[in-house]
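A.B. asks: Let me begin by handing over the structure; questions about it come next.
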Amino acid sequence: QLQNKILILTICAAGIGGTFQYGYNLSIINAPATYIQMFMNTTWLERMGAPLESNVILLLWSFTVSAYPLGGLTGAVVAGPMAIRLGRKMSLLLNNVFVIVAAALSGFSRMAKSFEMIMLSRFFAGVNAGVSMNIQPMYLAESAPKKLRGAVALTSASFTALGLVLGQVVGLRELLGGEESWPFLLASNIVPALIQLTALPWLPESPRYLLIDRGDKESCISALQKLRGTSDLSAELEEMMAEQAAVKGQRAKNPWELFQNPALRWQLASIVVLSSAMQLCGNDSMYSYAAYVFEEAGIPQDKIPYVVIGTGSCELIASVTCNMIIDCAGRRPLLLGGYIFMAGWAVVFMVALSQQTQISWMPYLSVACIFAYILSFGIGPAGVTGVLPTEVFDQMSRPAAYVICGSLLWFNLFLVGTAFPFIVKSLAHFCYIPFLVVCVCTALYVWFFLPETKGKSFLEISEEFRKRNFKTKTRAGFYKCPEEIKTTTL
């Protein structure tokens, strides 16, 4: 029972200062948007003696919003080297430096009369989120027992959704979303960082990292005993040592080396498709559309922020549900079901939008579609996508795979955020056609090409992908034996 508590504490300590920050920082910027734009104008007026034009204010606000995914992309790129050199736990701890700097910059921005500090703050908050989005699922999946690996790694998505909801709640006018308190709202991300800095140092490092990367068997056994108790660890240790033997003599790979390695062809294709689809499926755009749809449904303007909290709560409920069933249902059914349902709801949503003015009850159907779309995303793609890079890559390739995965996620977040207003302008009520195409194509890829990883060891998963990667060569007589692949140097 004590060991179960230690695993739970590890999950909570990693999550509260990890992916929680991604969701929290994503949502807290929405509430004070008008006040920050007024602050930009007032500051410029005091400096230059003339107010800013509305299009310049909009441009400055766009820079402020764009700084977050730009920082996230930077964080995703540095996360791989950090995970290799510093370890998973130490990387998460040092990552809090970025968010503390971000909190200080935004907290003192009004006092310093500098809106540039807010832009810089958003960049550092993005770096923090980029690092944690890559390292937290890696740390948790490597620390979890095989039968709970999916559920434990998936808590990263649950903490993201929790951060999203709490950010929406704290951003209410009655709390920190008012005109006088917005600097405190933007600086409130320091609280999760301090909680993690207090709790995580007392918890163990990833046992796989200690054994396979560091070669420290004693520390690995000590970490395992803390996480599993004094029960028989021989089977798990034997599996880790087999993986250590399989990668013996290899060094941690760089991201570009994964593209050059034919033994990783299908693993790489899978994470590229799924990481891209996670942002290109249109879930975040649903949040953008929510306020308009709620207004059309007759919800009073001042009550819309409270209803928007319901959308974040939907994703949280779905993530927690997925967390409970992933190791029973498997990864493929959740991904497949999520994208198929999203495709279906996208069609219904576009029909409902096109008939808003003609049929009285259509606005209510639009509202139902928003909640259903977000639920479908949360039940599968939101969490399972982050688990897969840990499961389909070996210890030497895993950090580089997360760099690729994270870079795609942040680039596509920026891409969708930039392109969506233009998509709405050109396609109007049928703006979800591009997202519908992405959902259908991703569902087809999962159906035909993605193997199930539930309940399998990392070596078993690697062997299954190896057969796929060298199927053609085996038939042609070029592939001789597994040992040949294990000793390939790039």
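Using the three backbone atoms N, Cα and C, a Cβ is placed for every residue, glycine included.
Pasting the feature list from TrEMBL:
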TRANSMEM  7-24  transmembrane segment
DOMAIN    11-454  domain 'Major facilitator superfamily (MFS) profile'
TRANSMEM  56-80  transmembrane segment
TRANSMEM  92-112  transmembrane segment
TRANSMEM  118-139  transmembrane segment
TRANSMEM  151-170  transmembrane segment
TRANSMEM  182-203  transmembrane segment
TRANSMEM  334-353  transmembrane segment
TRANSMEM  365-388  transmembrane segment
TRANSMEM  400-424  transmembrane segment
TRANSMEM  430-450  transmembrane segment
A.B. asks: Of the listed stretches 118-139, 151-170, 365-388, 400-424, which one has the most C-beta pairs under 8 A with the transmembrane segment (7-24)?
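C.D. replies: Most contacts with the transmembrane segment (7-24): 151-170.
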A.B. asks: Given the cut-off of 8 Å on Cβ pairs that are 6 or more apart in sequence, determine whether the transmembrane segment (365-388) and the transmembrane segment (182-203) share at least 3 such pairs.
C.D. replies: no
A.B. asks: Please determine whether the transmembrane segment (182-203) and the transmembrane segment (56-80) are in contact (criterion: at least three Cβ-Cβ distances under 8 Å, sequence separation 6 or more).
C.D. replies: no
A.B. asks: May I ask which of the stretches 92-112, 118-139, 151-170, 400-424 has the most CB pairs under 8 A with the transmembrane segment (56-80)?
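C.D. replies: Highest pair count goes to 118-139.
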A.B. asks: State, in range form, which of 92-112, 118-139, 400-424 has the highest count of Cβ pairs under 8 Å to the transmembrane segment (151-170).
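C.D. replies: Looking at each of 92-112, 118-139, 400-424 in turn, the most contacts to the transmembrane segment (151-170) are made by 118-139.
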A.B. asks: Over the domain 'Major facilitator superfamily (MFS) profile' (11-454), what is the model's mean pLDDT?
C.D. replies: 88
